[in-house]
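K.L.:
Following this message is one structure expressed as structure tokens.
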Amino acid sequence: MTSSYGHVLERQPALGGRLDSPGNLDTLQAKKNFSVSHLLDLEEAGDMVAAQADENVGEAGRSLLESPGLTSGSDTPQQDNDQLNSEEKKKRKQRRNRTTFNSSQLQALERVFERTHYPDAFVREDLARRVNLTEARVQVWFQNRRAKFRRNERAMLANKNASLLKSYSGDVTAVEQPIVPRPAPRPTDYLSWGTASPYSAMATYSATCANNSPAQGINMANSIANLRLKAKEYSLQRNQVPTVN
């Protein structure tokens with residue numbers, strides 16, 4: 001065993017000398033030149049990437065160290081929370097509590113609003129004392145009431161315009177499509193004249209004339225006889241008057 005171990009130890013310097021020899025170094029360099037990584041320039045690219053990564057890491061570290069936010073580490077979250085709390089407090093202070101009015105207060109306010117939509121300071125103060133409110137609350141109520149009044153007016157005007165447009169459109173359609181009037185009923189006289197023939201009308205007219213002619217002849221004869229009688233009487237009266245010689 002000792003002899004074999006000694007033989008191995010003796011061979012190690014020989015191997016080291018063989019690797020360090022110039023011929024062996026040239027062989028290793030030739031193998032390295034023909035390797036895949038050397039042919040594809042992967043070794044140089046890897047070295048460049050590694051160097052660039054080291055530079056980026058160094059710059060990032062310096063920027064983080066130089067930033068003012070990280071210098072005060074645990075102070076920034078606390079400051080942000082304080083700012084948020086202060087803003088919320090301001091909003092709560094600015095927000096007013098909603099006032100609820102009872103029926104008597106609303107009646108008094110509505111009566112004044114019916115008289116004037118813009119009461120002056122004296123009227124508002126007097127009204128506030130009567131309804132047990134502050135003058136500012138009364139002023140805000142009148143502002144809201146005026147806005148509501150304007151909204152109602154606009155809605156009523158819009159409804160009125162819509163109804164007018166609807167009626168106008170209905171009139172236009174009626175003019176465009178007129179209804180045919182029904183024929184008026186004809187009188188009975190017109191129907192009798194229309195149905196009777198002209199010959200029948202002439203016959204009736206001649207019959208009436210024939211019926212009236214005898215009466216007219218008798219009247220004329222009577223008048224002639226009367227004239228004759230009057231003439232005879234006149235002649236007789238003249239003959240009876242004595243003549244003076």
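Cβ atoms are placed via backbone N, Cα and C, with glycine included.
Okay, so Swiss-Prot annotates it like this:
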- 1-22: region 'Disordered' (REGION)
- Ser21: phosphoserine (MOD_RES)
- 63-103: region 'Disordered' (REGION)
- 69-84: compositional bias 'Polar residues' (COMPBIAS)
- 94-153: DNA-binding region (DNA_BIND)
- Lys160: N6-acetyllysine (MOD_RES)
- Ser197: phosphoserine (MOD_RES)
- 222-235: motif 'OAR' (MOTIF)
K.L.:
For a quick check of packing: other C-beta atoms within 10 Å of the C-beta of Lys160 (N6-acetyllysine), how many?
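P.N.:
There are 10 of them.
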K.L.:
Hey, which bits of the same chain come close to the motif 'OAR' (222-235), Cβ under 8 Å, at least six residues off its ends?
P.N.:
none
